[in-house]
Amino acid sequence: MKLRLPKRTKRTREWRWTTDRRKAEKTQRKTQHAPKPATTRSDNRTPHTGIARLTDALPRTPIPPPLNTPARRHTLTAITHIAALELRTTARTRLTWTITATWTALIYGFLLLALATTGTNAPTLLHSITATTTLITTLILAPILGVTPLARTRATGLLDMFRLTGFTPRTISWGTTLATTTQYTLLLLIATPALAIGTLLGNANPLDLTGTLLTLAITGWTLTCLGSATATLIAHRALASFTAITITGALILTPVLLFSALLPLTNEAANAHVATSTPLHTTNGHHPEQFITCTVTNTTRHRNRPDHIWWLLLPQPFITLADAAPHIPRTLAFEPLTALRTAIRTTRATPPTPPTIDECPLPSRPTEHTQNTPPTPTEKIRATITEQHRTTTQQAEKLTPHWPISLAIWALIGATATAYTTRRLKIPGPAAYGEHTIHHAPTNT
């Protein structure tokens, strides 16, 4: 007997579809109203069968919520999680070891060169060379350190993964900044022994090195923040690094250019004692030196007042480093940081009133001729000028150091750059997330 199958009519297909739908709805209702299985976990989640056997013997401690929940996405744990991931990735790259080797070779190479040239008799020069080399290397390498993590994270698509797992732009920005700051801190620790050699050889207080280390640390942190901000603006890593270094150069040169441009505007007329030559009598139309004397006249002269606009130089990092350098006894006539600190503090000091200006061409007599004879008018004038210069220098040395204000300005620049990085990370698209932007398929409504 031949088995006859029923014909698959439209009505049969509808009946089967209705039956399957009713079964699915019934199963769903049973699942919703079924009592939850008993569990001893503090978070009331059903343990998996295999995992439950392994974790039964463990103490019942509260399990924290995952990182992508609103309760923890702003916490320090999420920030350190991103920072640790960035540091693990950075430690495996060739660029990191290249930067570390370059940093060490430059700083200790210049230190050994200075030791071979001057020996241990010029501790101030050793500290000046080492600190200046460290600052120059920081100005070049710190922006690259700031650009690299975000550029690499964006290129590999890890930034999209952070975004999908619930990390906020602020957490990503702060975590990346923490990673780059940690990396620069390790580089600064490598340079610390080289910076301390000059201080120890000069018998200075080791705590005086704190100002130099703080200057280098905050400057490096600010430049890494600027590098991160540039990486969110420019997708290409090399172009972003070049732009960050260019911005750093602008921060160095802008204060000096502004100061030079505005200095003529501080010109003022002031009374001054001017020493000029006066001929006693002539011999055949000539004025030999024995017939010329110097007289002081009161007149009006124009002079610049750099003490009115000296604050424009506050953001300049080399001036900040010179002002924060430890006071080591000088052994040479010229030492870079000492000369720069003296010049800046003299600029801050108020000039003498009225000033004495020497315009007399007569040379001073040798010292052995002035011991038993009264000083000439020329020598009196030049002694007055020397005393005024000494008074101005002493007044300048008593001024309060300005490097804490400069570091506060640099910290403000770094905080602004971090805020800009956070704002840029909120913008979806190639400018913020690179080529790995996720495009969701349109949904039918």
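Yeah, the Cβs are placed from backbone N, Cα and C, and that goes for glycine too.
Here TrEMBL gives transmembrane segment for one range in the set 129-151, 313-335: that range is 129-151. Away from its own ends, the transmembrane segment (213-235) comes close to residues 131, 134-135, 138-139, 142-151, 154, 173, 176-177, 180-181, 184-185, 187-188, 191-192, 195, 241, 243-244, 247-248, 317, 320-321, 324, 403, 406-407, 410-411, 413-415, 417-418, 420-421, 424-425, 430-432, 434-435 of its chain (Cβ-Cβ under 8 Å, at least six residues beyond either end).
A contact between the transmembrane segment (242-263) and the transmembrane segment (95-117) is absent, since fewer than 3 of their C-beta pairs, 6 or more residues apart, lie under 8 Å. For the transmembrane segment (129-151), the residues of the chain that approach it from at least six positions outside its boundaries are 86, 89-90, 93, 95, 99, 102-103, 106-107, 110-111, 114, 159, 176, 179-180, 183-184, 187, 191, 194-195, 197-198, 212, 215-216, 219-220, 223-232, 235-237, 240-241, 244-245, 247-248, 252, 317-318, 321, 325, 336-337, 421, judged by C-beta separation under 8 angstroms.
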